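Colleague: Provided herewith is a single structure, encoded as structure tokens, for subsequent inquiry.
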Amino acid sequence: MNIQVLPEHKLSSVAPLKQCNVEKKEVELILVKDQNGVQETWGKKIDFLLSVIGFAVDLANVWRFPYLCYKNGGGAFLIPYILFLVIAGMPLFYMELALGQYNREGAATVWKICPVFKGVGYAVIVIALYVGFYYNVIIAWSLYYLYSSMTAELPWLKCGNSWNSINCTDPQHINASFFDKNTSYANNKFTPASEYYERGVLHLHESKGIEDLGLPRLELTLCLVVVVFILYFSLWKGVKSSGKVWIDAATQIFYSLGAGFGVLIAFSSYNKFDNNCYRDAILTSAVNCITSFVSGFAIFSVLGYMAQKYNMDIKAVATDGPGLVFIIYPEAISTLPGSTFWAIVFFIMLLTLGIDSSMGGMEAVITGLSDDFKFLKRNRKLFTFATAFGTFLMALICVTNGGIYVLTLLDKYAAGTSILFAVLIEAIGVSWFYGVDRFSEDIEQMMGFKPGLYWRLCWKFVSPVFLLFVVIASTVTSSGLKYGDYEFPNGANLLGWGVAMSSMLFVPFYAIYKFFSVRGTFTERIAYCITPEHEYHKVAEGNVRQFKVRKTT
């Protein structure tokens, strides 16, 4: 590992450090920040880049982007997608990398620059936890499919298995005339691939709905245990309508790039102080989006093959989410020569995509909380185990007979509007309260140059305005939740909004707590809330950047 010690900076809140040499070890990075000022960094620059890219390039690139692109007009969708990438995604990706690298803190304690916004840090930690609950389940499904693929004949190739219903129809008997105008191949529940997924793996036919979940499935629970152990041993030491088009594009940008989850702040907090995070932001954003485009070509070549095979329009087979990667794609693979080999390769790909992203989310939680609570930092291994075990317990609800209903609910509400809201407040806190000019000076200290006018305008005006529009639009246009033909009851939708609000409410609740936890007059309390912690002495002197505090006699 490399240990870097930084020079003292006049305006920096980072502990003064200096360069020293330490014996190299096999570990990429040990995530411990000592109180004596020693700051450990990534062993190699490529370790950081691959970790960030591994987090950003996830299952959303495979199962969400291609379908959203198709559903919203193909090339027309790329216009808002690229626009949001340029004016919001990349600027805020750059902001989070710079914020973490300069302050050397996780998602919560990084807000020592403007303490009233610390609730944003807790909000993104909660969001990362929620996503981890169900993301690990999807990885467990992939592991189960990988194990099931290691046979001479793939189990979802034909009917006649113990899990198949009497309505199961072999693919060779299916064509366009098989469906009426209200159904399509993508939502047909009686193909061998669909029945294997819903009846053989999930046992969904044994559940009546989200109110009837049943007990955890043993085989999926065992797969979940394997996934959690992989995550633990990877982290216990360290990390090696037209309007609807715009909402979908914005959500996809932030969900895929990973801004707002606290992961970028956590990862970049272990960079060398003079690392060029501007170049990193451009590179990783470009790699992520190019991967989305390439995956779109791959996915639709398969969907086109399926449409031609069954002599139907491509819209009849197009779908997104688990249905794409656990039904449509496996069925297409089963028709290829050497299908067992291709199935194994495909599900290994899903495993690596999922584990990289899940590791990033857990690291955001561990770094964010251990930087805030020092006793957790001193007991990192135990805390990592507790976090991994906690996500395992919560994920058990998603491996029950009706677990897919819980997963669908979390997928919509856990990191939809809430993640956009968190990024909006983060942009306001950095740009308007800490200040774009001051933030630009921080970046200049690290890299020797200030961000250009374009980045400063995006941070202060363009990105917050667009994010505010999207948060409002996504809330107003939100509709009831469905899984196939099953419509969720109103209570489930209210529960979903409760999940979303449980993270967002950290922002106002912590702001209120901070205001009443400091002493002084009303104006002095406001000053303490918006002044960097290392400048609290200036408040006592009545010298605050935003305004003058009048001292009472």
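Note: Cβ is positioned from N, Cα and C throughout, glycine not excepted.
Keep in mind the model is a prediction, meaning the values are calculated, not measured.
Annotations for this protein, taken from TrEMBL, read as follows:
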{"type": "BINDING", "residues": "Gly54, Ala56, Val57, Asn61, Ser256, Asn288, Leu353, Asp356, Ser357", "note": "Na(+) binding site"}
{"type": "TRANSMEM", "residues": "78-99", "note": "transmembrane segment"}
{"type": "TRANSMEM", "residues": "120-147", "note": "transmembrane segment"}
{"type": "DISULFID", "residues": "Cys159-Cys168", "note": "disulfide bond"}
{"type": "TRANSMEM", "residues": "214-233", "note": "transmembrane segment"}
{"type": "TRANSMEM", "residues": "245-270", "note": "transmembrane segment"}
{"type": "TRANSMEM", "residues": "282-305", "note": "transmembrane segment"}
{"type": "TRANSMEM", "residues": "341-361", "note": "transmembrane segment"}
{"type": "TRANSMEM", "residues": "382-407", "note": "transmembrane segment"}
{"type": "TRANSMEM", "residues": "413-436", "note": "transmembrane segment"}
{"type": "TRANSMEM", "residues": "457-474", "note": "transmembrane segment"}
{"type": "TRANSMEM", "residues": "494-513", "note": "transmembrane segment"}
Colleague: Around the Cβ of Ser357 (Na(+) binding site), how many other Cβ atoms lie within 10 Å? Please give the count over every shown protein chain.
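Modeller: Here the count is 25.
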Colleague: Using only C-alpha positions, which one of Val57, Leu353, Ser357 is spatially nearest Cys168 (disulfide bond)? These are the binding-site residues in the record.
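Modeller: So, spelling it out, the nearest of the binding-site residues is Leu353.
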Colleague: Taking contact to mean 3 or more CB pairs closer than 8 A (sequence separation of 6 or more), are the transmembrane segment (494-513) and the transmembrane segment (413-436) in contact?
Modeller: yes
Colleague: Using a Cβ cut-off under 8 Å and a sequence separation of 6 or more, which residues in the same chain sit near Cys159 (disulfide bond)?
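Modeller: The answer is Cys168, Thr169, Asp170, Pro192, Glu195.
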Colleague: Between the stretches 78-99, 120-147, 214-233, 282-305, 341-361, which one has more Cβ pairs under 8 Å with the transmembrane segment (413-436) than any other?
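Modeller: Looking only at 78-99, 120-147, 214-233, 282-305, 341-361, the most contacts with the transmembrane segment (413-436) come from 120-147.
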Colleague: Which range wins on Cβ pairs under 8 Å with the transmembrane segment (382-407): 120-147, 214-233, 282-305?
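Modeller: Per the Cβ count, the answer is 214-233.
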Colleague: Around Leu353 (Na(+) binding site), how many other CB atoms lie within 10 A of its CB?
Modeller: 24
Colleague: Between the stretches 120-147, 214-233, 282-305, which one has more Cβ pairs under 8 Å with the transmembrane segment (78-99) than any other?
Modeller: 282-305
Colleague: Going along the chain, which residues six or more apart from Gly54 (Na(+) binding site) have their CB under 8 A from its CB?
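Modeller: In sequence order, Asp356, Ser357, Met359, Gly360 meet the Cβ cut-off.
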Colleague: Please indicate, using numbers and ranges, the residues of the same chain that are 6 or more beyond the transmembrane segment (214-233) and have a C-beta under 8 Å from a C-beta there.
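Modeller: Counting only partners 6 or more residues beyond its ends, the transmembrane segment (214-233) has Cβ contacts under 8 Å with 136-137, 139-141, 143-144, 147, 201-203, 206-207, 355, 358-359, 362, 384-385, 388-389, 391-392, 395-397, 399-403.
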Colleague: I'd like to know which of the recorded positions Val57, Cys168 has the most other Cβ atoms within 10 Å of its Cβ.
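Modeller: Going through Val57, Cys168 one by one, the largest Cβ count within 10 Å is at Val57.
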